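For reference, TrEMBL has these:
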{"type": "BINDING", "residues": "B:29, B:73, B:205", "note": "Mg(2+) 3 binding site"}
{"type": "BINDING", "residues": "B:29, B:43, B:73", "note": "Mg(2+) 4 binding site"}
{"type": "BINDING", "residues": "B:44, B:45, B:120", "note": "Mg(2+) 1 binding site"}
{"type": "BINDING", "residues": "B:45, B:73", "note": "Mg(2+) 2 binding site"}
{"type": "BINDING", "residues": "B:52, B:295", "note": "substrate binding site"}
{"type": "BINDING", "residues": "B:119, B:120, B:207", "note": "ATP binding site"}
{"type": "BINDING", "residues": "B:208", "note": "Mg(2+) 5 binding site"}
{"type": "DOMAIN", "residues": "B:28-135", "note": "domain 'PurM-like N-terminal'"}
């Protein structure tokens, strides 16, 4: 079974019952609960050494990353992270790095004036960090809001993190890896997400790949997305066009946002349009279908 | 370093800054955030196979337990759990049990009309489940509210789970283990906690041991606690008095609540009183000091 099959089981079992639950298990990037006058928005992600922390990451970067994945989910909903809770399982040999990991957590929380309010410390054979982030908003942007006529935007070029990962896996030293900070200390697009709370019709962060995020928007909004233009020059400095396109569409680990809007957004690079229909296509030399695939772990 | 030393590092680093944060990292059982007219109360706990799931537990019970530890934290604050999020790391060989684990999660959530609103599925070498529960309340009972003159109560006899664990570790079959349900499928005292929201001056759940919980109340409230009476007969069917007292005071894994009150509570077994002073004492044949120790994992 694959991850999405497990998620499908969970979604079936945990169908929302309470009327306050606007988006529940498996519905969108975050859980959304209606309070009196606003929404409570919740996100959680589990990271562990084996899949999520390349050995070149410092303890500070590990802590930072554990916050970044959660803040990125909230950013993709146009919501500011306010509070963070994290549970950590330490293993032998890493205990001395505890404070550095925490400093990484704190640095990214401080950057967006979010506060760590709790957590749990445990001990085992592998480093695990599980984060919970929450925020409040008067509007939540979800994947299902795209409309025919919208333009499609990204906050930055995707594929950099995947390229960095491939250099890492080939054994390059940290200082030789292009875009290494995309891999080890990504910046969640919190500011950009907040600028878009009221101008984006649909939005999500890009974690598995741009292709997966676009497919999610297209299928949940019941529309077709066409990619028309993209400037891959930053990637083309290192790889040929076909590889650059592969990285751009299917590379994982970027912390960019993708969104659609029918007005002029304050931020974002236009890459395409939303039409009536289904699926995700790319209009380069030949019109191709964008596959539903990506990379979520190294 | 021990767990509390790590927690001390975290508490120092994550001192509360926002005025809405009534209790933050390391302050009490739960994080407490002031909303307009009520409190948002948050709890999180990490469980994993190696330390928290004896092999006799079924997948259903593992799911149940992952909810129970979090609901118990909220119950100990007098708060009803409303929403639950959980992240699970599956290992090879346990994937077929996924749905049963989820059914255990759902069973305990349904029991208290709480709803699962999100989570994450991951894969690794060991089963990890990390839960995050939240609720709302107009009052939150904390450890620091005990007053000289209060009486001390527990919701049920402690030591049963530890006794069951010792039988398990000696190799007894499941059906031969006394109080086995205390070990594998404990009932968090949600109903009792809610009855006490407005009558308890201080309260906490008992996870490491009654001794640890009493010491936390005593030191945070700046009072002395004296244990005067306890009916250990359920334990005395299996062990002698000294062992029963050891289990009662220092056994871990019970999901009871301990609280203090200056009025007549609707629920609870009176075991002692709060005086001015410091520390925790037991007034049996000889007046002894209760040590600060317990068992948190098997």
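Count begins at 1; order follows the chain as displayed.
Any Cβ shown, glycine's included, is placed from N, Cα and C.
Sequence-distant contacts of residue B:295 (substrate binding site), defined by Cβ-Cβ distance under 8 angstroms and a gap of at least six in the same chain, are B:162, B:165, B:208, B:209, B:250, B:251, B:252, B:253.
Note on residue B:73 (Mg(2+) 3 binding site): other Cβ atoms within 10 Å of its Cβ, all shown chains, come to 29. What surrounds the Mg(2+) 3 site, by Cβ distance within 8 Å of the Cβ centroid and not counting B:29, B:73, B:205, is the set B:30, B:43, B:72, B:74, B:75, B:76, B:77, B:204, B:207 from the same chain.
On its own chain, residue B:45 (Mg(2+) 1 binding site) has B:66, B:69, B:70, B:73, B:130, B:131 as residues at least 6 apart in sequence with a Cβ closer than 8 Å to its own Cβ.
Listed binding-site residues: B:29, B:44, B:45, B:120, B:208. Those with a CB under 8 Å from a CB in chain A, in sequence order: B:44, B:45, B:120. Taking the C-alpha atom of residue B:52 (substrate binding site) as reference, the shortest distance to any of the binding-site residues B:29, B:43, B:207 belongs to B:207.
Only B:43, of the binding-site residues B:43, B:119, B:120, have a C-alpha within 10 angstroms of the C-alpha of residue B:29 (Mg(2+) 3 binding site). Separating the Cα atoms of residue B:205 (Mg(2+) 3 binding site) and residue B:119 (ATP binding site) is a whole-number distance of 25 Å. Across the structure, residue B:207 (ATP binding site) and residue B:120 (Mg(2+) 1 binding site) place their CA atoms 26 angstrom apart. Secondary structure at residue B:295 (substrate binding site), as computed by DSSP, is coil.
Comparing residue B:119 (ATP binding site) with residue B:44 (Mg(2+) 1 binding site), their Cα atoms are 13 Å apart once rounded. In this structure, the C-alpha atom of residue B:120 (Mg(2+) 1 binding site) lies 17 angstrom from that of residue B:43 (Mg(2+) 4 binding site).
For the recorded site, residue B:207 (ATP binding site), the DSSP three-state label reads coil.
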